[in-house]
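Colleague: Encoded as structure tokens, here's the structure I'll be asking about.
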Amino acid sequence: MPLVAVAGPTGSGKSELALLIAEKFHGEIVNCDSLQVYRHFDIGTAKLPLGERRGIPHHLIDIIDPNELFTAGEYARIARNTIADISARGRLPILAGGTGFYLRALLDGLFEGPARDQPLRDRLTAREARRAGSLHRILRRLDSVSAAKIHANDVPKVTRALEVCLLTQRPVSELFARGRDSLRGYRTLKLGLLPDREVLYPRLDARCAWMFENGLVDEVRAILALGFAAECKPFESHGYKQALQHIRGELNLREAIFYAQRNTRNYAKRQITWFRREPELVWLKDFGNAPEIRETAMDRVAKFLGQ
């Protein structure tokens, strides 16, 4: 069965290209963004409004509350079921999003790691609180392969990797290679958008500013008013973190926008680095709405489908 994935850094036009593919090839879109799964987080995640989806079904958007734990493994399980349902109805499933780890979990599978050990997690958390970056340094010694793939600032992932290492006495990378359950029955065309950074970064800066000017801070206030704690995971993401700091009086509006822009650019850089390691990804070196990219993508998909 055919499966198409549209990947790339934030702001590269994945949603628009996925829509065009879906319209031409009778497809449905499956979200592959780790923030768009959360309800209420709309502006800062660039979630496509219902009125702009052009009648194309979108799946795995707004499926959990901000205070719920949601792992890549859970995403892979739900996404696989969704893809199977779309295919069974004779439609083309199209993955769209920039969370490379979700895409990897879906296509290649994840190993079933040990259950969470809260006392161990508490000790690791306390150590990181005493000295920032200490957990990542330990992970580099125990599992350099995993440490190279996980950013030092992504403390939850670093903590989980260390937890698994310590509980199993094996590197996570080794366990992952042994125990993966890859997606079966599908052949996948992976398209990766790669605009020039000198063009992408200014656009990201402008988009961040637009979000703050068009209700991001009010959206955060509304989420807090619903009773969701500021410690919820999606509040750690770029844009939302700075909006929260602004509400607390820790940053003025100009500073909040500046740091959100900087963090968004850094995130885009990490996404590009991740997707460069993605096997068999076809790079399209511009934005998803560029005419030549549209044409190339449509040709690629048509050939992939044998049309």
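In case you wondered, yes, glycine gets a Cβ from its N, Cα and C as well.
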Colleague: Write down the single range among 33-36, 53-56, 133-136, 169-172 that appears in Swiss-Prot as region 'Interaction with substrate tRNA'.
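Modeller: Feature region 'Interaction with substrate tRNA' in Swiss-Prot: residues 33-36.
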Colleague: Using DSSP and three states only, what is Gly13 (ATP binding site)?
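Modeller: Its secondary structure by DSSP: coil.
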Colleague: Do you know the mean pLDDT across the region 'Interaction with substrate tRNA' (33-36)?
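Modeller: Here the mean pLDDT over the region 'Interaction with substrate tRNA' (33-36) amounts to 97.
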Colleague: Between the Cα atoms of Gly8 (ATP binding site) and Arg121 (site 'Interaction with substrate tRNA'), find the distance and write it as a whole number of Å.
Modeller: 33
Colleague: If you draw a 10 Å sphere around the Cβ of Ser12 (ATP binding site), how many other Cβ atoms fall inside it, taking every protein chain shown into account?
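Modeller: Other Cβ atoms found within 10 Å: 28.
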Colleague: Counting by DSSP, what is the helix, strand and coil composition of the region 'Interaction with substrate tRNA' (33-36)?
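Modeller: Helix, strand, coil within the region 'Interaction with substrate tRNA' (33-36): 0 helix, 0 strand, 4 coil.
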Colleague: Rounded to an integer, what is the Cα-Cα distance in Å between Arg121 (site 'Interaction with substrate tRNA') and Gly13 (ATP binding site)?
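Modeller: Distance between the two Cα atoms comes out at 38 Å.
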Colleague: Name the residue among the binding-site residues Gly8, Pro9, Gly13 whose Cβ has the smallest number of other Cβ atoms within 10 Å.
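Modeller: Each of the binding-site residues Gly8, Pro9, Gly13 was scored by Cβ atoms within 10 Å; lowest is Gly13.
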